[in-house]
Structure formats: structure tokens, C-alpha cells
Amino acid sequence: MADGPAPKRRREEAAAGPGAPFPLGSVRLRRVLRDSAREKAAFVHGQVPGPAGQPEDAVLILERTPFREEEIEELLRAHSKLELQTRNDIYSTYRLYPPPELSEIKATVVYPATEKHLQKYLHQEVHLIRETWEDYKNITLPFIQSQSFSIQWVYNILEKKAEADRIIHENPDPCNGFVLVPDFKWNQNQLEDLYLIALIQRRDVKSLRDLTAEHLPLLRNILQEGKEAIRKRFGVPGSQLRIYLHYQPSYYHLHVHFTALGYDAPGSCAERAHLLEDVLDNLLLDAGYYQKRALTFALRADEPLLKKFQEVGRV
């Protein structure tokens, strides 16, 4: 549930004011929150001078961008330096220094960052929770209702106040419609890490726990129209898509993830992702399936919801 569902996709939204570039050169490094070899990314806590000169916190996410096929030949031909590291029989490894124009790093900025943002990206232990329906009613739901999680950014997209030019597909039906947009984690330059999000039009469904047979038409629309829109726009067939919901979600407005099947997307792990077609089948078998069964999810050590489960001896 990350930073108490301040939404993941908003981590790229914040900069030093509308239209103003973030003062990257003024960042004072405080600490590396996490260094992920798998993601080829570093999560950094920095500070920059605020409007009154006081230091303000920022989170910088520095990611190596994926290789693009059309650049590989130039990379090999125009590298500035090549250093041999090891050699053994037919195997050898080198440190290759690419030319500046092929050394792109994607920099995502959260500014101003709160303590929740800093904790979100800090490396921490995680715990598995087995949440029964009674746990949901007595622990999780009251916790959600007690928090003030802003999802105005979702409403801005639905109302076309923001990101209107990024919409890939829209079904405007207020009950069974949705909007499909690229996730900010995907730069749309290659299909290997394709990532889109379907945001439902209605505002009364928070998560998987709220779904009943009433929502089958909505979910079918997302599955069928979403796959068709991606096939038409990007040429990726439905058989090469992973389509799923998170539980717990990062923000409490029902949304569905569409990722390339070959992409090891964050949050696609077994303890969090629920395939949309499985959700549909479960609701066809039992209209109240998600109000009856236990659901498993992981929580980080610092998350307030974990503390709620610990207080009642459920961890």
C-alpha cells in the first residue's frame, strides 16, 4: 500500500511549480533511500532551497532507460571507452562507456516530498497479511475511512482537466465506463515495458473488496475494450498482456493495470496482483466472492495499517 495510497503514478507529477523545471543542479544529497539492482534504479533523498530559502525535501528516482534497438549499433560503434573486467575461456566482461547522447537516465521527482514519500522509497522489511472479511470490516475499512487520501488527480483525468492528450481510450458511460491512459512508469518509447492504467468513471468503488456481480459489465468493458484499444494503438495482442488489479491498491479508486506479459512490472507479484479474468470468473461463481474470502497482501514495516493488524494480534 506504499505511501498510504498517495498514488504511485503521481510520483512524477510534482515539480517546482507549473511549467517550472525542477532545480536539479541545486539538489543537496542527503541519503540514498534504496538502490535496486533489479530495477536499475536509485531512490534518493535530496534537499533544495525553498521559496524562502529554507531547505525542502525531494525524492529523486533515477532509472536507467531501456535499450532501443535502433541505438544499439551506434552504442557499440561510438562508445567512448571499453575496459576489460574479466576473461575466462570464451567468456569476458567489459565496462562500456556510452557517448553522452546514449547515456539517458530517467529522473522522476517528488517535490516537495513529505515524510510519507521518504518512507515509501526507503528499504524496509515487509510482512504478509492474511485479511479475512471480518478483518477488512473491523481493521482495514475503518483505517481507510480515517485517512485523507487525495485522489483529485484521478478526477482531473476523468474530467479531462489533466492528461487529456494522453488518453488512449475512453468509455464515457458513468456506470460501466473507464478511461485508459499510459502509466507514468512507461515512456512509450518501446513495447517491452508497456504499462497502462484503466480508471473507472464511477467513484463509489474503492478496491477489489467492493466488487460484486453488479460490476461484471464494467469489468468486461475494461477487459474487452482495453485489449482492443491496445491492439489498435500499439499492435500488442491480448495474449501478450498481463491485466490485473492490486490488493491492497496504492490508491482507493478502482483501477486495472495493463502491462506487457514479458515485463516484470512492480506489483505484479503473486501476493498483490489479481488477474482480471480470474476476478470475473470468481464473481460469476459467487456474486459476493470478495466479501467472503480471505485476501493476502504485503505491508511494509512502517505502514500504519500493519500497526493496526499488530495491535489486534493478527500479525
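Backbone N, Cα and C define each Cβ position, glycine as well.
A quick note: this is a predicted structure, and the numbers were derived from the prediction, not measured.
Listed in TrEMBL for this protein:
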REGION    1-24  region 'Disordered'
BINDING   TRP153, GLU163, ASP183, LYS185, 246-257  substrate binding site
ACT_SITE  HIS255  active site, nucleophile
Ask   = How far is it from HIS255 (active site, nucleophile) to HIS246 (substrate binding site), counting Cα to Cα, in Å?
value = 8
Ask   = Of HIS246, HIS255, the recorded positions given in the record, which has the fewest other CB atoms within 10 A of its CB?
value = HIS246
